[in-house]
Every structure is written in structure tokens, then in C-alpha cells.
């Protein structure tokens, strides 16, 4: 038995890279799927000052929280389709039957999801910080915290997406089951930016975000792989 | 140990905190009673369903017996 | 050796819904009696006989339901997750049923903890809702329960729903300590830690014994309702079998 399992482990690396390239190529072809979360992000943040009022002090006070919450929602909304098309055309089943652990497949999908939503969101965030009159001290921290945080969100959301992939109208259900799990990331993300705006050191919060990311990277694909196997039975 | 209030009115008022204390206990009682009787209601629903299905299958059997009996 | 085999036999028997149904029928009246007596004695003691709190006056008497409900709300989540895990690992039918029965009970207890916390806040802090660390954690716990409940109703095939819920409950269990810690940190960041509901270390025995009685009463009540809900779900699931139809026929 060990002689048989060893090559599979060895193959996991190149297989992962190939899958990553394939997923990225597929994601880049569907350019609307990349643009929509970004447009959602910008549109909601443009509506918020209309709702709460244009006073710069008020907006500056709320900017870290607003940007983070809307980034969270944008990630969440794009998550529903993470496994959807693969489930419908049967390639998810093929992946599950592969000798390569499903862990790496989920990892590749979550990584690509982050590359096409989390990364552009984070890169776009300074612009929105400008619109919400975020003080200058906050920009770098906002960028780094969103880079780290959205990666965790993509991984955690993959568990929810895998659990609901076999269900017909999964969008709201996905939000219900995943949002409570997002709480720690939201707290430390906004906490870091708030600390930076107030002129305190924010290294500790970013370290916690990185720790959450490490834990999510280790555990979330395992849970999502289990959830995919369960969903395939439905 | 002794009763802390001078009378029933005093007990209900609880120095002005009565509304909060009593509504807490009331709502808790309601929720607990709901939890306690739910299995019995569920069981009764299952019983009704079982009886209904028995009636249906009984009626179906009688109808088919009649149909067999008619030509004779 | 013989003893461990006996234990395994017992474990396997416990996995059989029919055995569980017949065995637990006799326990229910005793659990119901114990919980009613304990809750009645504890409430009367807490409401009427425990001395008044020096700072909070009579409003502190809400503690006698708030604390036990909050205890069991959290313990109930772990009970739900552990029985789900047992179901996933040993493919035991009954433990999935226990998991499904535990979800609404836990959600109801979480609601009680939140409601009593809010009503307690009014005379103590002057508002119904404060984003206090514990209350916020309770709210998130309620959201976790709601997620499990919503997922359990979404699947058309019961067995798939069982396993999906068990997995979600396990993911929630891993997250609960992280969520609690982060909410705690968030609270100390935004508000000074001067507001505290209870100093549990310094509570006087005359106030503590009724609290213990109520906690014991809530535990008995939890065991009673969990078994009763599990039994009724077992009847629903094993609907087509002979013994269920017999059991339902007897009661009418």
C-alpha cells in the first residue's frame, strides 16, 4: 500500500499547478464574473454616503467598517458559483474520483477565487477609501488587511459553497451559514484599519489575520472536500 | 431564609423592576412549555397521518373487493 | 476484555433507533418530574427568598434563568456537533437524529439567553441592547444555530442533509472559540471593561444555591426535551416499520 500512495503525494504538486492554471484560465474567460463583484463593491459604497450623509468626519469614522463589510458581501455573493458549473457538468465528480486529494482541488479553486475577486477588491480599496475620506494613515493597512482577509474569506466561503452546491436556490442559505464564520476576520480586519487611522501600531492585528489565514488554509479545504463528497451523494 | 417581600403587591412590583423580571420569567416559561409539548404534538400528527393512510388503504381494498365481486 | 466487549455491544444497541425508543420511554416521566420540581423550587427560591442584590436591586433575579440558559445554549451546540461527529464517523443513524433534535432546542435556549439579557440590560444599563461581548457572542451563536437549522431543511434527501449539517456543526465548533476570543477583543477595544453582568466569584451562597438549583433544573429539562424530541423524530423516520406503527397505534 505505501508504495502505491507515495507517487500520488508526489504528483500532488504538478497536479495542483495544472489545476490552478486551468481554473485561472476559465475564470479569466468569464470576465463578467470578475467585473460583477467589483462593480457591486463600488456601487454599494457609492450608495452608502447617500444613506448616511456626506459629512467627511462621519464618513472617515465609518470608512474602515463600511469598506470591510461591503468587501465581505462582494466576496460572499461571488462565492455561490464557486463549484456550481463544475457540479452541473459533472467535472466535480471527476475531481472527487481523482487519485489526487480533493484538498488540492479545493485549494486551487479558492486560490483562483481570491485572485479574481479578493485581490482586485483589495487593489481597488484605496480609491474607495479616498471617496470615503479615509485618513491617509489607513491606506496601507487597509490594502494589506484586505489582501490577507479576503483570502481567508474565500477559503471559509468554499466550505459553505461546497455544502450548498447540490441545492437549487443556494444564495441566501449560503449567506446564512457562512456569515457567522466570517466574524473573526471582519473584527480583526476593521480593527487593524481603525488602529492605523488612530495612529496606533497595527502589526498585531495583521498577524492575527495572517494566523486566521493559515488556519483557514489548513482546515477549510479539508472541510470543503468532505462537504463536496456529501453533496455529490444528493 | 425568609420571604423577601412584604406582600403580594410588593412581590409583583419588585421595586419597579417587576416588569422586567416577570416578563423574563413569563417568556422563558412560554418557550420551555413550547419545547416540552412539541414532541407530543408531533407524535399526534404522525398518528393522524397513520390513521388516514390506514383508512385510505382500507377503502382501496374494499373497492377492489367490490369490483371483483360485481361480475359474479 | 469482556467488559469492553460489553461496552461495545451497548454502544451498537444505542445506535438502534428502536432500542432507544423502547429504552428511554421509562426515563421520560422521571426526567420531567425532576426538571419540574427543580425549576419550580429554583424559581420560587430565586424570585422570593434569595436576598436582594446591593447594586442591582431586584432586577438581578433574572440571573436565575439567564445564566442556565446561556450555559446550555453553548453546551447544546457542542452536544449537537459531537453527536453529528459520531454519526459521521461511525455512521450511526440515531446520533444524526439526536443532532437534529438538539438544533431547535439549542436555538430556543439561545433565544431565552438573549431575551433575558436584553431585558436585564434595561434597568441595569438603561438600554435594551448593548454590544457587550457576551451578548454579541450569544447573538452569533444564535446565527450559527439558525445556519444549521436552515441547512437541515434544505436537503430533499434526509441522509445527505444529516451529513451536511453534521459537517457544518463541526466547522462551527472549531470557530466558536475563535469567535468568542475575537468578540472579546473587539469589546475591550471599543468599551472599557467596567461593565460586567456578574462577578461570579464573589456571589453570596444565599444567591448561589438557587442558581445551582436552576442550573440543575435546566440540565434535567434539556435532557428530557432532547430525548422526547429525538423519540418523536425517530417515529417520523422509521415511519414505515412495523414497530413504529404498533407504537403509534398503542398511544391513540
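Cβ coordinates are placed from backbone N, Cα and C, and glycine is handled just like the others.
Over in TrEMBL, the protein carries these features:
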- A:34-52: transmembrane segment (TRANSMEM)
- A:58-77: transmembrane segment (TRANSMEM)
- A:112-136: transmembrane segment (TRANSMEM)
- A:142-165: transmembrane segment (TRANSMEM)
- A:172-196: transmembrane segment (TRANSMEM)
- A:202-228: transmembrane segment (TRANSMEM)
### Message
Within the same chain, where does the transmembrane segment (A:34-52) have neighbours whose Cβ lies under 8 angstroms from its own Cβ atoms, ignoring anything closer than 6 residues to its ends? I mean 6 or more beyond.
### Response
27-28, 58-59, 62, 66-67, 70-71, 73-75, 77-78, 116-117, 120-121, 124, 128, 131-132
#### Entry: Same-chain residues at least 6 beyond the ends of the transmembrane segment (A:172-196) whose Cβ lies under 8 Å from its Cβ atoms
64-65, 67-69, 72, 76, 79-80, 137-138, 140-142, 144-146, 148-149, 152-153, 156-157, 159-161, 163-164, 202, 205-206, 208-209, 212
### Long-range environment of the transmembrane segment (A:142-165) - Cβ separation under 8 angstroms, sequence gap at least 6
64, 67-68, 71-72, 75-76, 79-80, 82-84, 87, 92, 106, 109-111, 113-114, 117-119, 121-123, 125-126, 129, 134, 173-174, 177-178, 181-182, 185-186, 188-189, 192-193, 196, 205-206, 209-210, 212-213, 216-217, 220-221, 223-225, 227-228, 230-231
